[in-house]
Amino acid sequence: MATNWKLDDHPKLPKGKTVAMIVLDGWGESAPDEYNCIHTAPTPTMDSLKNGRPDTWTLIKAHGTAVGLPSEDDMGNSEVGHNALGAGRIFAQGAKLCDIALASGKIFDGEGFKYVSESFEKNTLHFVGLLSDGGVHSRLDQLQLLIKGSAERGAKRIRVHILTDGRDVLDGSSVGFVETLEADLAKLRENGVDAQIASGGGRMYVTLDRYENDWGVVKRGWDAQVLGEAPHKFKNAVEAVKTLRKEPGANDQYLPPFVIVDEAGKAVGPIVDGDAVVTFNFRADRMVMHAKALEYEDFDKFDRVRFPKIRYAGMLEYDGELKLPSRYLVSPPEIDRTSGEYLTHNGVSTFACSETVKFGHVTFFWNGNRSGYFNEKLEQYVEIPSDSGISFNVKPKMKALEIAEKARDAILSGKFDQVRVNLPNSDMVGHTGDIDATVVACEAADVAVKMILDAIEQVKGIYVVTADHGNAEDMVKRDKAGKPALDKEGNLQILTSHTLKPVPIAIGGPGLSEGVRFRKDLETPGLANVAATVMNLHGFVAPADYEPTLIEVVEKN
């Protein structure tokens with residue numbers, strides 16, 4: 001049935017106001033202490049939106065089932081967060097989709113698995129991905145089920161190319177994950193399956209780059225996984241990780257690439273013609289570049305030396321627009337009728353901007369995992385190049401000012417009804433674990449928000465300020481009592497991952513109609529409620545199946 005794109009007019013809210021939609025990445029709400037960088041940083045603008053304004057500031061859920069993830073223990077992330085913000089409904093996501101397919105066994109009946117299984121008889125099945133139970137990009141238990149299911153269905157030779165985490169989980173946890181995997185592979189070998197770890201490296205240095213920031217990261221992975229070449233060679237992966245972690249300044253995120261070799265010093269598992277490859281990450285952003293290298297015949301980003309003819313499938317489709325990879329084990333959620341598509345059909349002109357590391361979030365993920373414009377006459381997307389070749393704590397202000405300037409100019413131009421931005425600072429710098437730099441990052445984001453709100457003031461518009469998940473508001477791992485946790489040496493355990501905290505949402509501006517306030521009758525509002533809210537502020541009623549709006553209009557007596 002054809003979609004009816006026409007939205008009803010809101011009975012109490014006018015059309016025609018410029019709406020600024022600001023997403024602070026990794027900006028949650030937590031108790032104030034010295035490890036809450038948002039609290040520690042000077043953030044007068046964000047403070048002013050909160051203090052004494054209960055009708056126009058509240059908290060919403062940004063993790064777990066509120067964003068389509070399996071449980072309340074699952075941290076939110078930028079991808080599912082922006083999906084929910086843009087789609088206005090909750091879709092089963094990443095890990096949850098894969099869990100369902102694995103639990104039912106349907107993953108092994110699908111076209112993707114059938115395709116890779118054609119290599120089982122005579123060739124090797126390779127698994128490549130993040131070895132972690134963090135649940136943000138991948139999960140160890142899913143890899144275990146994939147390996148077990150593949151062996152039961154005829155895979156005779158299995159090689160695993162591991163990437164250590166230390167970002168979504170504690171630094172140092174890699175050793176335990178490798179030991180667990182090695183124990184599984186040893187059992188398979190006892191049953192006649194030739195199963196080994198073949199190569200490895202740290203996630204931020206090997207394979208898992210994103211948004212074409214640094215193809216050298218992908219090349220280091222390619223050299224180890226495909227060519228069997230790396231600067232470090234070991235007989236087993238536990239020894240490899242333990243040894244490389246002893247290097248000065250070493251951590252799981254940045255371990256150098258290594259290959260596992262046999263007694264003769266030969267790599268045990270390079271990817272060759274006829275082999276099958278499965279990338280087992282379910283999150284897309286850090287798999288796209290690697291998928292291009294594995295799949296694209298016409299490729300010029302680095303010298304691959306050789307391009308093996310393989311059967312390749314991703315855990316999921318990582319880019320719906322590029323159809324990449326062309327084969328996958330689990331079909332993606334069908335995210336249709338996003339708020340962006342509805343609004344363009346109703347004449348709302350949109351400007352979206354961020355820097356490279358989060359540009360895809362205010363465009364691709366916001367629009368339901370869809371690249372490109374809905375209507376290029378009504379939309380303009382601007383990407384500001386992120387700093388490359390350095391860790392984000394080196395320049396924690398990132399491109400916040402440039403993003404704010406672009407947003408300001410778009411607002412003041414009068415060309416756009418909606419101006420949407422993502423300010424990445426608190427998330428990207430928070431991930432480095434550098435508390436001082438994260439404080440600077442939060443201050444920079446606050447300054448950027450002020451610039452955008454000042455422009456909204458000038459055009460008598462409306463602002464919506466929210467976040468996609470937590471991060472910078474809690475930078476330490478905590479014990480069961482909620483106190484900062486220490487390691488065996490008595491050192492503070494820094495938290496580099498996202499959190500389970502709620503995120504703020506604030507509305508305001510001279511264009512906000514009198515009597516508009518946040519509702520108190522929604523039990524657990526979340527990110528998916530924001531889309532209907534924004535549609536209301538544009539003067540429309542949201543589609544009936546959207547999560548309910550956060551706002552109501554109270555008539556004065």
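The backbone N, Cα and C atoms fix where each Cβ goes, glycine too.
A TrEMBL annotation is a machine prediction, not a hand-curated record.
If you look up TrEMBL, you'll see 17-540 marked as domain 'Metalloenzyme'.
Proximity of Asp468 (Mn(2+) 2 binding site) to non-local residues of its own chain (separation of 6 or more, Cβ distance below 8 Å) is seen for Val23, Asp25, Gly26, Ala62, Gly76, Asn77, Ser78, Gly81, His82, Leu85, His361, Asn422, Val503, Leu527, given in sequence order. Among the features that TrEMBL reports, Mn(2+) 2 binding site is placed at Asp25, Ser78, Asp468, His469.
According to TrEMBL, the feature active site, phosphoserine intermediate maps to Ser78.
Residues or ranges marked as domain 'BPG-independent PGAM N-terminal' in TrEMBL: 101-319.
Per TrEMBL, the feature substrate binding site maps to His137, Arg167, Asp168, Arg203, Arg210, Arg283, Ala284, Asp285, Arg286, Lys358.
With a cut-off of 8 Å between CB atoms and residues at least 6 apart in sequence, the same chain places Asp25, Gly26, Trp27, Ser78, Lys358, His469, Asn471, Ala472, His498 near Asp427 (Mn(2+) 1 binding site), listed in sequence order. The annotation Mn(2+) 1 binding site is assigned in TrEMBL to Asp427, His431, His498.
Around the Cβ of His498 (Mn(2+) 1 binding site), the number of neighbouring Cβ atoms within 10 Å comes to 28. Largest Cα to Cα distance within the recorded substrate binders His137, Arg167, Asp168, Arg203, Arg210, Arg283, Ala284, Asp285, Arg286, Lys358: about 18 Å as a whole number. His137 (substrate binding site) sits 14 Å from His431 (Mn(2+) 1 binding site), counting Cα to Cα. Within 10 Å of the C-beta atom of Ala284 (substrate binding site) sit 25 other C-beta atoms, taking all shown protein chains into account. Taking a C-beta cut-off of under 8 angstroms and a sequence separation of 6 or more, His431 (Mn(2+) 1 binding site) has the following same-chain neighbours: Gly26, Arg167, Phe392, Asn471, Thr496, Ser497.
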